[in-house]
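Colleague: Dropping the structure in here first, questions after.
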């Protein structure tokens, strides 16, 4: 029943809708504790097909309600009492029954509907059609043969039986061979087989149509059909062709236009099958628009398919069949329709008594659906109510009463289907009922949200408030929010939020409350997360995961590891390589299967945290696969392959190797290297070889395993591709020339019979090439002039021909000794140990070979100190290259020398020049070979020495220096004695401190300065005694720095002023000590001697301690038992000596060296060792500023 819409009524409806929205709860879920009408919870599908292979067929109907619903069924609109049929299986307290497959199902075929009822109303299920499928069969029939003239169209009908869709048609022969389809022959949508024109090969007797019904697993076959094509007699070919050719027409569909309806979501299929000669081509267009996206053309252009069609695919389509003689068209008007779809589905409602209730139901579809209303399963018109009206698609119940509670059904239908919806309308006033359990406990995590539930049911709706810890005040604050369902949400929970909460639900009918406990815990947090790793196969992976959690969960906390979302079981024998130790996951002997995402999950009963890491396993590439040789072109072939897995490290190169079975069988050699983006290569090969190839990949990890080798590939013989290389021309004898070259490798022969053609000719004269053919890789040219230039070339050949044109190389015939010596040899003395030698170079015509350089030989004739001549050892320096001067270093000063100069070539030395004699000037002396202490007294030390073995000039005297070195921070002032008599060899130092240690220095001097220092250490005695050369005496050999002159303002002339006296020396100056010594004379003497001896053997005085802590490098070889032995080691200044005395080398007065004279070429002597500075440093004597105590020569 429909009413016409009016403006006044529409306004009233709007007001009522607003009021109802205030008092109505839509889409409610009423607890079963409340009386309520039935609600369908399970129902059967819209159709149920009885397949023969199914055992039973359930007709499902379940519902809830209070009181418990009772069920009944209708079949084809009539009551169906399923409980009285003993063959049907029923379930208690359920509307479901089951139809068994007992072979007699036809009587159950029909349309069923279920009703669930109680005292408050009736709910209705949708209709279900129970379909009993019959076995499809082709009728038994005798078919007459089809006779057709060649060139004429014909159709073989299939007429498949009806059955459960989908249906699939196949045309085959008796032998199950498919009939070949093409542009001329095709199967239509109706299953018929169409021939655009007949040809003689179409004649056969076994055309069979097979209909397949996959849902019932059945295939049926039609009786075989015969076709006889009568050929046309071709007497005149031109006229025959004219008769056979025909303009197109359509075998299907008939006529010029047709209509097509389909349901939205189905595939749109349009078909045009033409006939004609030549066979027509079919084109498809959509009028006004192009074909939709996704459109497909199949069956050789005869079938247009638009998958899952919708409204936009509606319209007009045209197919056009064309051949050279004309065209035929057909138009399709396509309409896409829709089954009903809800626009506004009616909802169940709980409303207060006295309110107005609106029930809205609307649907759309094509054609437009019709709406049918029912109440408790009865048509609305058969159950009238005074306060109920229908306005368009809405039912209005005015001033509702409890008796108006019912179940309303709305059904929307068109020819494509129907929709049914039940809406439970309850008119009740109810006090609040809280459905959430009282005393529920909730756990929250600090700084995270938590929700406390309070699900209340009432009519009218309740007002919900929450309070905490028996407070009458409602919880307030931005972190607290009460939702419409009554739940309390607390965001960013704090420890202070813990406690008891009370939910109070209240409406006009009453109130109710429950309590809930909230516990706030520390958050679980992973503080050390696993990190992504790339790890080599076979190594050990370590993934760390450390978490913090609330201490109350110490027994409930667990740390779980997952791989690719699957938990790792550490007790599983499969995972023996996995174990956890100290919060670290160990993966031993990592394999490819260990690659993946590892997740660490830290979990407590209330929360969890997780962190993940990607483990990538690196390995060498897998071997390439599927090696194929193609494009065989004699000595080249193309090799292709499929790369193997790179195992997370990109392949950088592919290496192609070969093995040949003639020269080095079983040995693989690299042939070619290609980049990573190639998987093929053309291989250039040698001739007359059988090859096999393999490939392997290389990445940053290393080289992978090689592939399986290819089959053998044999190349034909060919002439050599190259000639010998590295041709060397040498002349070992004056009248011969040796020619050598690197022979071709065996694989480079390219065929049998390899030989070499050697060609040569003089370069400085016009002459023809002289040629010789040899099999070895050397050749000697006899009777050549000495050292003349030649041109040489070597060419390879084999039985197939000559190699490429060889390149020409140049060389010389054999060398002979140089025939002359350098002229104008002169010597310039640079300093006492270095001279510069000059000469005029030998002319190249006299060299008779390649210039090697020049050699200087020199020898010492005598020392100028000694007039007696004696020849010393001969020395030689070699200077390569073309030059006219050289520097000779390392000469002895104050000596007479002789030297000669000669040149040399590859054969040897030439004659020497006339000897040149020269003298070197004075230098400083060498070290004194002997310097020792001969006697030690309480206040004196006696010294002796020998002059230097090489004075390097006329000795003018000696420089003797000494200083106190007892165990204090500073050493004593340096005292200097000039000894001007060179014949002096002894000296006595007097006025020394008793029992004190001194450092002694000696140098020999000439007019050029003083030589290197020798030193000695010695300790004065307690009493006057004779020095005996026995171990343990207080004289020690030492290698300490050369003495240096203190600055004037630091000079301390007296021993006592600088505190350098020894302990015993200081004590000996005290009166009480002298008295004590007199009192116990002999005893004290024995004790002191014993202590003295003990001190020298093992005792440590302060200087000795410093030496042990900071030993002098050059004195480490000295034995502690050494007695007053001299040291000729290099002297270094002692601490406290400040600057050297006047006889030391000045900073700016450097010695002479090779570089001083710009002769940078002669930096190596004959044996290749480096030549250092040979010139001694010049020194200048000045008088010492410190006056020494009076000394006397021995």
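We count from 1, first residue shown onward.
Keep in mind that glycine also has a Cβ here, set from the backbone N, Cα and C atoms.
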Colleague: Pick from 645-664, 665-684, 685-704, 705-724: which range does TrEMBL record as region 'Disordered'?
Modeller: 705-724
Colleague: Pick from 1072-1093, 1094-1115, 1116-1137, 1138-1159: which range does TrEMBL record as transmembrane segment?
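Modeller: It is 1072-1093 that TrEMBL annotates as transmembrane segment.
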Colleague: Report, as numbers and ranges, every residue of the chain located at least six residues beyond the region 'Disordered' (705-724) whose Cβ falls under 8 Å of a Cβ in that stretch; write 'none' if there are none.
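Modeller: Cβ under 8 Å, 6 or more out: 620, 622-625, 627-629, 632, 634-635, 637, 639, 641, 657, 659, 661, 668, 685-696, 741-744, 748-752, 754, 756, 777, 794-804, 806-807.
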Colleague: Along the domain 'Fibronectin type-III' (925-1024), what average pLDDT does this model show?
Modeller: 90
Colleague: Could you count the residues of the domain 'Ig-like' (524-612) that DSSP puts in helix, in strand and in coil?
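Modeller: Counts, helix then strand then coil: 9 helix, 44 strand, 36 coil.
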Colleague: Which listed range (248-335, 340-426, 925-1024) shows the maximal number of Cβ pairs under 8 Å with respect to the domain 'Ig-like' (136-226)?
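Modeller: Most Cβ pairs under 8 Å with the domain 'Ig-like' (136-226) come from 248-335.
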Colleague: For the domain 'Ig-like' (38-129) against the domain 'Fibronectin type-III' (925-1024), do we get 3 or more Cβ-Cβ pairs below 8 Å once near-sequence pairs (under 6 apart) are dropped?
Modeller: no
